[in-house]
Amino acid sequence: MHPMLNIAIRAIRKGGNIIVQNYDTQKFIKEDLDKKKIFIKNIMYKTYRIISEVIYKSYPNHIILNKNTDLIKNEKNTLWIINELDGKNNFIKNFPHFCISIAVIMKNNTEISVIYDPIRNDLFTAVKGQGSQLNGYRIRCNNINSLNYSTIAINLPLKHYAKSLFYLKIYKKLILSGISLRCTGSTLLDLAYVASGRIDCLFDFNPQSINLIAGKLQAREAGCLTSKFTENSEKKSEKGNFCTSNLTSSSKFMRLITEKISQCYSFNN
């Protein structure tokens, strides 16, 4: 096992213990939502701190960043990117679907990824060039070339709904094609699920690169491709639309999806 992967696993499991302990505790909090958010913020801080302590103990000269930090190119230093809680709203609502992630970047390349679901005890790991694993077993994405009966996850922040009904038109096109849609509230877990074949595809309408670095390596090492699903870049809302799919032997799946969404753009214009 890669020595940095070993440290990342040790750190993320310790962080997961804090998340689980407080997940059970916060069920009994009766304060208003604002106070509960402060409680969650404190949990995230503790999680980030314990993960950082484990990493610094072995690699005191490395740089550790969290998901709110702007990622800059750094050829000299090794960077550790921590997302201490992806799926925060699920956690607040006691919906057990969230995760922690660590990504290790060396010479501007993501080399190691760990995603941990502390509730299910699912540990997704990936090392560049060595594939992806779930709980120590090699995983690969599904090999499909049809939209029928496929399951697609969607990441769309609520703020986009208020601006346009355009996304609802996309949903309609996809549903009529026989697709089952999911909006789970944790894009990182969605990427891990695409990598492991639990989900066939992810549409990300609001990608935040530093948040999803770990998930993208997981998907890529499992045989997935990530690409833009529209060529139109005139509107800001369209610039960040990406599709990660389990496209392993045929481009038919991507072509069909692109065709459906292109129809929506034409109709919208």
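Yeah, the Cβs are placed from backbone N, Cα and C, and that goes for glycine too.
Annotated features in Swiss-Prot:
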type	residues	note
BINDING	Leu85, Asp86, Gly87, Lys88	substrate binding site
Inset, instruction - Find, for the listed binding-site residues Leu85, Asp86, Gly87, Lys88, the residue with the lowest Cβ contact count at a 10 Å cut-off, counting only other Cβ atoms. - result: Lys88
Legend entry - Residues close to substrate site centre defined by Leu85, Asp86, Gly87, Lys88, Cβ within 8 Å: Asn83, Glu84, Asn89, Asn90, Phe91, Phe98, Cys99, Ser186, Leu188
